[in-house]
Amino acid sequence: MSIVEEPYLQLIRDILEKGHEKSDRTGTGTKSLFGYQMRFNLAEGFPLLTTKKVPFGLIKSELLWFLRGDTNIRFLLEHNNHIWDEWAFKNWVESDEYHGPDMTNFGLRAQEDDNFNKVYQDEKKKFCQKIVEDQEFANKFGNLGDVYGAQWRHWQTRNGETIDQIKDVIETIKNNPDSRRMIVTAWNPEDVPLSALPPCHTLFQFYVNDGKLSCQLYQRSADVFLGVPFNIASYALLTHMIARETGLEVGEFVHTLGDAHIYLNHLDQVNEQLQRKPNDAPTLWLNPEKKNIMDFEMEDIKVKNYHSHSAIKAPVAV
């Protein structure tokens, strides 16, 4: 069994066994636990799940999008990444400029009505095409507000200046590795009402010991089946990339969850996943010629020996 994957599978088991049923913003309903922690030793393998196929290309393009300080889905769409489509699409169909079919509560309706789902998928496809082809439209409706990229790279101060938290934390790791202030936060209370989706992975901290870089993430809200596998791999990748720039080896990724939940319409999927036997964890390859985290492109990041079971589809709660 892959040691790297086991903490995640145990999280699923614990929620199924001990979770509390709760209502939620999306109207779907969840089983939930509060205050849960997983630890992944990054030296033992890269924590990309093997009990279902996780598309690593989406993970690395999203992380590069964050690191660019970008908040517009156009970059993602140009890399065939549709993770954030629904939130930008929601802004579009709720605007005065939208005159197409009624898209009220499109997330739930698409799950319950096959005919509506076809209309919804068609409208969303047209929206995404227009984002890519029309810069003015993309500027207006492709922007998600002050989400991760903005907060990481362009945190707005009260005097009108900006803070590049990623640059600052890398400099601190290099020059003062024993600091307890190596923190990046995406949670800005002033900006929360203005974001398409307030940051779920809210704050992360680095720790250096014995030449190894570890990272701990606090995630306020954790969609365990769909979101958490991406979050684990994304922050593991970020830790590897920053370790490369700072001349360190990788240590642990510690994942602390606030509200860790499985949506009620994902229960069949998680039970199917638990029936599968994990394979050995893959390894991460970073282009050895790239030293600066901002210089990485898609082709500079790969996973090797990734052998997974098939994907398991599930609806996104919006």
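Each residue, glycine too, has its Cβ placed from N, Cα and C.
These features come from Swiss-Prot:
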- Arg25, Arg180, Arg181, Arg220, Ser221, Ala222, Asp223, Asn231, His261, Ile262, Tyr263: dUMP binding site (BINDING)
- Cys200: active site, nucleophile (ACT_SITE)
- Asp223, Ala317: (6R)-5,10-methylene-5,6,7,8-tetrahydrofolate binding site (BINDING)
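Features recorded in Swiss-Prot, as mapped to the structure shown.
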residue : record                   : CB count, 10 Å
Arg25   : dUMP binding site        : 8
Arg181  : dUMP binding site        : 10
Cys200  : active site, nucleophile : 19
Ser221  : dUMP binding site        : 19
Asp223  : dUMP binding site        : 22
His261  : dUMP binding site        : 29
Tyr263  : dUMP binding site        : 23
Quick one: pull the CA-CA distance for Arg181 (dUMP binding site) versus Cys200 (active site, nucleophile), whole Å only. 21
Once the DSSP letters are reduced so that anything not helix or strand counts as coil, what is the residue listed as 'active site, nucleophile'? coil
Give me the CA-CA distance between Ser221 (dUMP binding site) and the residue listed as 'active site, nucleophile', in Å, as a whole number. 5
Record lists Arg25, Arg180, Arg181, Arg220, Ser221, Ala222, Asp223, Asn231, His261, Ile262, Tyr263 as binding dUMP; longest Cα-Cα distance in Å? 36
So which binding-site residues are near Cys200 (active site, nucleophile), with CA atoms within 10 Å, out of Arg25, Asp223, Tyr263? Asp223
